[in-house]
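One structure is given here, and the rest of the page talks about it.
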Amino acid sequence: MTALAKARTGSAGLDLVLRFRALGLVVALAVLVGVTTALNPRFLSAQSVRDLLFAAAVTLLLACGMTVVVLTRGIDLSVGSVLGLSAYVTGSALSATGMGTALALGLGLAVGAACGALNGVIVYFGRVPPLVATLGTLYVLRGVVYFIAGGTRINASDLPRGFLDFGSGHVLGVPYLFAVSVLVLAAVGVFLGRYRAGRDLYALGSNPEAARLAGVPAGRRLMTAYVLSGALAGLGGVLYAARFGTVDASAGYGMELDVVAAVVVGGVAIFGGAGTALGAGLGALLLTVIDNALPVLRIDQFWQQAIVGALILAAIALDRLVSVRAARALRTKGSHVR
Amino acid sequence: MSADLRRLARPLMTWDAAIIAVTLAFLVVASMTVEHFGTARNAGYIILDLAPILLLALTMTLIVTTGEIDLSVASTVGLTSAAMGVMWNGGMALETIMPVAVLLGAVLGAVNGLFVTGFGLPSLAVTIGTLALYRGLAYVLLGDTAVADWPRLFTGWTLGTIGDGPVPNVLIPMLVLALACGLVLHATPVGRSIYAAGANPIAASRAGIGVGRLKFWLYVASGAMAGLVGVLWTLRYSSARADNAAGLELTVIAVVLLGGVSIFGGKGALPGVLAAVVLLVSVQNALRLAHVSTEALTVVTGTLLIAAVLAPNALGALRTALRRRRTTATGRTA
C-alpha cells in the first residue's frame with residue numbers, strides 16, 4: 001500500500017499533506033462563497049442556498065459511488081445511463097401504481113444495483129477493462145431507456161403528491177434530497193474508512209497483485225464496488241425524478257463526465273488507491289457552487305465548462321506534486337531507519 | 001510472458017480478420033435487402049458520414065496502441081470550429097484560417113502531450129480535463145451562436161464529388177491519411193516503437209526508444225487531426241458552432257476498440273479499425289433507411305464494444321482450460 005492509500009501514515013507531516021487536500025477544497029469553497037456573497041449578499045439567502053443544495057444532491061450521490069469504483073482502479077461511465085433507466089422505471093411505476101416514496105427509493109436502488117452487478121460481472125468475470133465495459137453499458141442501458149420510453153415522458157401530474165412533496169420539501173432549510181445524499185456520503189465514508197471490505201478496496205487499487213496475495217477476495221470486493229456505484233446511480237434516478245417531476249429518455253445524459261470531474265477534483269486518484277468519499281463530495285459541491293456563482297458574479301455562463309476543465313487539470317497536477325513529495329519523504333525516512 | 005502475449009495476440013488477430021469479414025458480409029447483405037442502401041449516392045453519403053470518425057480514429061489508434069487515450073478529440077474539433085468562426089467574423093481569409101485551425105489543433109494536442117508526458121499525469125484524467133476545458137473555451141468564443149456564411153466554393157468542395165461522379169472529394173484526404181497512418185504504424189521503425197511502448201514501456205525505453213517524446217508527438221498529431229476534422233466539419237455543415245462534434249469521442253473510442261485495438265496498448269492493427277468505422281456507420285445508415293429506430297444502434301454499439309474484448313478473453317480462457325485438461329490427462333497416462 002502506498003503512503004497515500006492510508007488515512008493515517010504515522011507521520012504528522014504526511015497527515016497534514018493529506019488533510020490539506022480536503023482542507024484545500026474547503027478553503028476554495030469558502031473563498032468562492034465569500035467573494036460571491038460580498039458581491040451579492042443574496043447568494044447566501046435561504047432560497048439561494050436551498051437551490052444550490054437541490055442542484056448538488058444528485059451529483060453528490062453519484063460521486064460517492066464513483067469514488068468506490070475509482071478507488072479500485074476502475075471507472076463507471078454508465079452512471080448517467082443507469083440514472084436515466086432508474087428514473088424512468090421508477091417514474092412509470094409511481095405513475096402506474098401510486099406507490100409510496102420509500103418503495104420508489106427501494107425500486108430505484110434495485111434497478112441500479114442490477115445494472116451495477118452487470119458491470120461487475122463484465123469487469124471481473126469477463127476481464128474487460130472497466131473503461132471499456134462501462135462505456136459499453138453506457139450505450140446499452142441508454143438504448144434500453146429509449147426502447148422503454150420511446151418518445152413519451154413522465155410528467156409531474158402523473159406522479160403521486162407525496163413523492164413530489166419529498167422532491168421539493170426541506171427540513172430546516174435543507175432539502176430532503178440533499179439530506180439523503182449526505183446520509184449516503186457519511187455511510188460510504190464510514191464503510192471506506194472503518195470496515196474491512198472498505199479498506200480492501202484501497203488495497204486492491206494500490207496494488208492488486210499484493211492485495212490478492214494478502215487474501216483480499218478481489219472478485220467479491222469488485223462486485224461490491226460496482227453494485228454500490230450502480231445502486232447509488234439508481235437512487236440518484238429516483239431523486240432526479242423527485243426533483244424535476246418530469247422524466248424522459250434523455251435523463252442524466254452525459255452526467256458521467258460531471259461525476260468523474262467531481263471525483264477527480266475531490267482528490268480521488270484516477271488510478272486507484274487514494275481518496276475519500278468526503279473529498280469527492282466536496283468536489284461535487286465545489287462544482288455546483290461554481291455553476292451557481294457564475295451568474296451572480298456576472299461571469300458569462302459559457303465559462304462554466306472551461307473552469308471545470310481547468311480545475312480538473314489543476315487538481316490532478318496538485319495530487320501528482322503531493323504524491324511525489326510524499327514518496328520522497330518516505331524514502332528519506334526509510335534511509336534513516338536503515 | 002512473451003508466450004502469454006503471443007497466445008493472447010492470436011485470438012485478437014482473428015478478431016481483426018473477423019471484423020473485416022463481418023463488415024463485408026454486412027455490406028453485401030444490406031445492399032441486397034435494404035432498399036436504396038447499395039446505390040452509389042448512398043455510398044457517397046456513408047463516406048461523408050464516416051469521414052470525421054475515421055480521421056479521428058486513425059490517430060486515436062496510434063495513441064491507444066501506446067497504452068494512452070485521448071478523450072479530448074471531439075472538444076478539439078469543437079474549439080477549432082469555434083475559432084474558425086471567430087477568425088472568419090474577424091475578416092480573415094479562409095485560405096489563412098484553415099492552416100491556422102490545424103495548427104491550433106496541434107497546439108491543443110501539445111498541451112495534452114505536455115501534461116501526460118511532461119508532468120507524468122494519467123492520460124485518462126488529463127484528457128477528461130481538456131475535454132471539458134476545450135469545449136468550454138469553444139463556448140467562451142462563440143457562445144450559442146453559429147457562424148454560417150462560409151464561401152460556397154469551399155463548402156461545395158466538401159460536399160462535392162470527384163468529377164461529378166459518385167466518389168466524394170473527402171475520400172481523397174481520407175485515403176491519403178489512412179495510408180500514411182497505416183504505413184507509419186505497420187511499416188516503419190516509429191510504428192514498431194509505438195507497439196513496443198504500448199506492450200512494455202520500461203523495456204521500450206531500455207531499448208533506447210524515447211517513449212515520452214513519441215507519445216508527445218502522437219498527441220500533437222491527434223490534435224492536428226482534430227483541427228483538420230474541425231475544418232471539414234465546419235465546411236461540410238457550413239456552420240461553426242461550439243457544440244460541433246459533441247460526444248463524438250466515445251464513438252471514436254468505440255470503433256478503435258471494436259477494431260481490435262487493446263485498451264492496454266501494444267496490440268491492434270489499422271485495417272480492423274477501418275472496418276469497424278465502416279461497419280458502424282453503414283449499420284447506422286441501413287437502420288435509418290429501413291426506418292428502424294437508431295436507438296437499436298446504441299444497444300448494438302455497446303454490446304459489440306464489450307464483445308470485442310470479451311470474446312478474445314473467453315477464447316483465451318477456454319484454450320487455457322483445454323490445454324490444462326490435456327496436460328493433466330497426459331500426466332495421468334505417463
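Cβ atoms are placed via backbone N, Cα and C, with glycine included.
Note that this is a predicted model, so its numbers are computed, not measured.
The transmembrane segment annotation in TrEMBL covers B:12-32 (among others).
Per TrEMBL, the feature transmembrane segment maps to B:44-64 (among others). For the transmembrane segment (B:44-64), same-chain residues at least 6 beyond its ends with a Cβ under 8 Å from one of its own Cβ atoms are 70, 73-74, 77, 123, 159, 161, 166-168, 170-171, 173-174, 177-178, 181, 184-185, 194, 198, 215, 218-219, 221-222, 225-226, 228-229, 232-233, 236, 245, 248, 251-253, 255-257, 259, 261-263, 265, 268, 270, 273-274, 276-278, 280-282, 284-285.
According to TrEMBL, the transmembrane segment annotation covers B:96-116 (among others).
What TrEMBL records for B:123-142 (among others) is transmembrane segment. Residues 63, 68-72, 74-76, 78-79, 81-83, 85-86, 108, 111-112, 115-116, 240-244, 246, 249 of the same chain, all 6+ positions outside the transmembrane segment (B:123-142), place their C-beta atoms under 8 angstroms from a C-beta of that stretch.
If you look up TrEMBL, you'll see B:170-195 (among others) marked as transmembrane segment.
According to TrEMBL, the transmembrane segment annotation covers B:216-235 (among others).
Sequence annotations record features per position, and here TrEMBL assigns transmembrane segment to B:247-265 (among others). For the transmembrane segment (B:247-265), same-chain residues at least 6 beyond its ends with a Cβ under 8 Å from one of its own Cβ atoms are 12-13, 15-16, 19, 52-53, 56-57, 60-61, 64-75, 77, 131, 197-199, 272-277, 279-280, 301, 304-305, 308-309.
As annotated by TrEMBL, transmembrane segment applies to B:272-290 (among others).
The transmembrane segment feature in TrEMBL is assigned to B:296-318 (among others).
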(request) Given the cut-off of 8 Å on Cβ pairs that are 6 or more apart in sequence, determine whether the transmembrane segment (B:12-32) and the transmembrane segment (B:296-318) share at least 3 such pairs. (result) yes
(request) Given the cut-off of 8 Å on Cβ pairs that are 6 or more apart in sequence, determine whether the transmembrane segment (B:216-235) and the transmembrane segment (B:272-290) share at least 3 such pairs. (result) no
(request) Six or more residues out from either end of the transmembrane segment (B:272-290), which same-chain residues have a Cβ under 8 Å from its Cβ atoms? (result) 15-16, 19-20, 22-23, 26-27, 30, 34-37, 42, 45-46, 49-50, 53-54, 57-58, 61, 178, 251, 254-256, 258-261, 296-297, 300-301
(request) Take the transmembrane segment (B:170-195) and find every residue of the same chain, 6 or more past its ends, with a Cβ under 8 Å from one of its Cβ atoms. (result) 47-48, 51, 54-55, 58-59, 61-62, 65-66, 158, 162, 204, 209, 211, 214, 218, 225, 228, 232, 236, 266-267, 269-271, 274
